[in-house]
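Chemist: Take a look at what TrEMBL says about it:
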| type | residues | note |
| --- | --- | --- |
| TRANSMEM | 7-23 | transmembrane segment |
| TRANSMEM | 29-50 | transmembrane segment |
| TRANSMEM | 57-76 | transmembrane segment |
| TRANSMEM | 82-104 | transmembrane segment |
| TRANSMEM | 111-130 | transmembrane segment |
| TRANSMEM | 158-177 | transmembrane segment |
| TRANSMEM | 207-224 | transmembrane segment |
| TRANSMEM | 230-249 | transmembrane segment |
| TRANSMEM | 281-307 | transmembrane segment |
Amino acid sequence: MGKGNLSGFLILTAFILIAPLLVRNPYYIGILVFWGIYTLITIGLSLLIGYTGQISLGHAAFFGLGAYTSGILSTHFKLSPWLGLIAAVFIAAFVAFIIGAPALKLRGHYLAMATLAFGEIIYIVFNQWISLTGGPSGFGGIPRFCLGGFCLESDFTYYYFVWAIVLLAFLASLNLIHSRVGRALRSIHGSEIAANCMGVDTSGYKLKVFVLSGALGGLAGSLYAHFVTFLSPGTFSVMFSVVLLTMVAVGGMRNIWGAITGTAILTILPEYLRIFQDYDILIYGGVLLLIMIFLPEGLVMGIFNLIKKSLKKAR
């Protein structure tokens, strides 16, 4: 990890530490919690799509599997939420392995359709398995995390808990993409055939990244379940997979910083556009359209390139 990434990470950490003190409003602190939870998923998607070149339209399913696993274990079976969290990560990772092993043999649109079908199947299961999931009505009463008698009851404390996990995951991802593994992933994205010829285990790396991204989705799902304390299938539809993909695209697929940036925009911007009432969706769509037209590489790389060009002209 270079000095630039380290400096950026320290600035991000400082911002995360002071953000609740600047916001204060519990509602907006809750929005920042959702930003952190969704960022966990988009970090995994960024590694999968941006660095490995494998598209997925089924990550809402991993998010839902993590949420329902943790929620069901801690309510129906009265297990500790911490056990639920661990189980959520393992279940999501295991399902990612089972699905990824055959699906990753496909490429391009065929892989996208396979993951889309997987997401739709999981969504139907959430809706139809009423005895376990509560069906369309969902179920509540999911407890918050507690440790040694201290429970994360307030959104303020939950915010720091979530972002501590997100920052650790982000730091690990930064180290990963700047390691030998990261170079292997970029070679797969550039040309899978060439990577194979150079001795890169393309199938193995693709599957491992898919499992990692699924595990991050499951972790995010568990954090979500114990934050909102109520689950219903609508949250985990295929459309949410599209939203997650849009978050990565807006921030920039080929830069891990794009995961945080794009997720922030698509999570926080709608809240500020509510003042426009009936026109908020129109403005929201317009902003996204302008970003994709004028900054096709995403916000992070787009702004970086603009600054670079401006500095060259200034010289």
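Using N, Cα and C of the backbone, Cβ positions are placed for all residues, glycine too.
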Chemist: With contact taken as 3 or more Cβ pairs under 8 angstroms (pairs 6 or more apart in sequence), are the transmembrane segment (82-104) and the transmembrane segment (7-23) in contact?
Modeler: no
Chemist: Are there 3 or more C-beta pairs under 8 Å linking the transmembrane segment (111-130) with the transmembrane segment (7-23), counting only pairs at least 6 apart in sequence?
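Modeler: Counting Cβ pairs under 8 Å (6 or more apart in sequence), the transmembrane segment (7-23) does not reach the transmembrane segment (111-130), since there are fewer than 3.
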Chemist: With a Cβ cut-off under 8 Å, give me the same-chain residues at least six positions beyond the ends of the transmembrane segment (29-50) that come close to it.
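Modeler: Result: 19-20, 23, 56, 59, 62-63, 155-156, 158-159, 162-163, 165-166, 169-170, 173, 176-177, 185, 189, 209-210, 212-217, 219-220, 223-224, 227, 244-245, 247-248, 251-256, 258-260, 262-264, 267-268, 271.
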Chemist: Of the stretches 57-76, 158-177, 207-224, 230-249, which racks up the most C-beta pairs under 8 Å with the transmembrane segment (111-130)?
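Modeler: Against the transmembrane segment (111-130), the leading stretch is 57-76.
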Chemist: Out of 57-76, 158-177, 207-224, what stretch is closest in contact terms to the transmembrane segment (230-249), meaning most Cβ pairs under 8 angstroms?
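Modeler: The listed stretch sharing the most Cβ pairs with the transmembrane segment (230-249) is 57-76.
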